[in-house]
Amino acid sequence: MANSASPEQNQNHCSASNSSIPLTQANLPTLTLSGKIRVTVTFFLFLLSTTFNASFLLKLHKWTQKKENGKKLSKMKVLLKHLTLANLLETLIVMPLDGMWNITVQWYAGELLCKVLSYLKLFSMYAPAFMMVVISLDRSLAITRPLAVKSNSKLGRSMIGLAWLLSSIFAGPQLYIFRMIHLADSSGQTEGFSQCVTHCSFPQWWHQAFYNFFTFSCLFIIPLLFMLICNAKIIFTLTRVLHQDPHKLQLNQSKNNIPRARLRTLKMTVAFATSFTVCWTPYYVLGIWYWFDPEMLNRVSDPVNHFFFLFALLNPCFDPLIYGYFSL
């Protein structure tokens, strides 16, 4: 998870000022073969996602340059622009950080970067999830409340601003709970191994459980519920219109109550939601399993853990491909 750590790193009954914990060399992590494969695939996905998302942003920029009379981007293109920015931010922070951390195994960047990068990591994970909520809400309102949407031209931009603001606020606790710890031998002397973890940040075990559940809910459960509800309302509304007058949904006609372009954006929204759900569900299910059964880490192999994480990283790669497919 975004703020998870190993059981040894999450002891609650300890001094908050303690910066070293007793570990043995046998407990130290190492870069295994599966870890090397994870690093290789992570950097490959980093290049792929950066290329796809940067290309889409460049395409939007060129499109605005060609527009005549200073016309602005459509609302859907503005939403896609911010989703792409969020995906690019996640790509540029999460993927290199994970890849380099797996190579070095321990943390060399110091206390300040431990806190700042932990904050930026969670911020960059919140942003795409919240932007998916904004897109789903906007498309749902466009179908179910079209007059209200037209009368409030600033609604979309307000939701976008709120998504970025909440992402920055909800990631704030990372600056407090993450810190550097050092390996200590039996005599209490540090042995040069350091790590960036949440050790001693939570006075009681349930404090950490609550925070983990909060981040899990904001990153996955709440966005998923919003997307399901919004898409269900869209389907219900379209089904009702179809039953009232089947000719209203004939795509081959130029004059439709629901134009072909709008139906295409609706399909694209559903595809975005499907990509988000399929890519992230295995990763978060594994995280929930670990909360209820910490010994699970000893039963699930490292390659499986690595696969679920890498599968989640496909999401920012898929989004620009989805837009490209529906733009053909």
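Glycine too: its Cβ is placed from the backbone N, Cα and C atoms.
Here the candidates are Cys114, Cys230, Cys279, Cys317, and Swiss-Prot names Cys114 as the disulfide partner of Cys196. Swiss-Prot marks one residue of Asn18, Asn53 with the annotation N-linked glycosylation site, and that residue is Asn18.
Judged by Swiss-Prot topology annotation, Leu60 lies on the same membrane side as Leu238. Residue counts for the topological domain 'Extracellular' (106-115) by DSSP state, with H, G and I taken as helix and E and B as strand, are 6 helix, 0 strand, 4 coil. With DSSP states grouped into helix (H, G, I), strand (E, B) and coil, the topological domain 'Extracellular' (293-306) comes out at 9 helix, 0 strand, 5 coil. On the 0 to 100 pLDDT scale, the topological domain 'Cytoplasmic' (60-84) averages 77 in this prediction.
With a 10 A radius on its CB, Cys114 (disulfide bond) counts 21 other CB atoms from all the protein chains.
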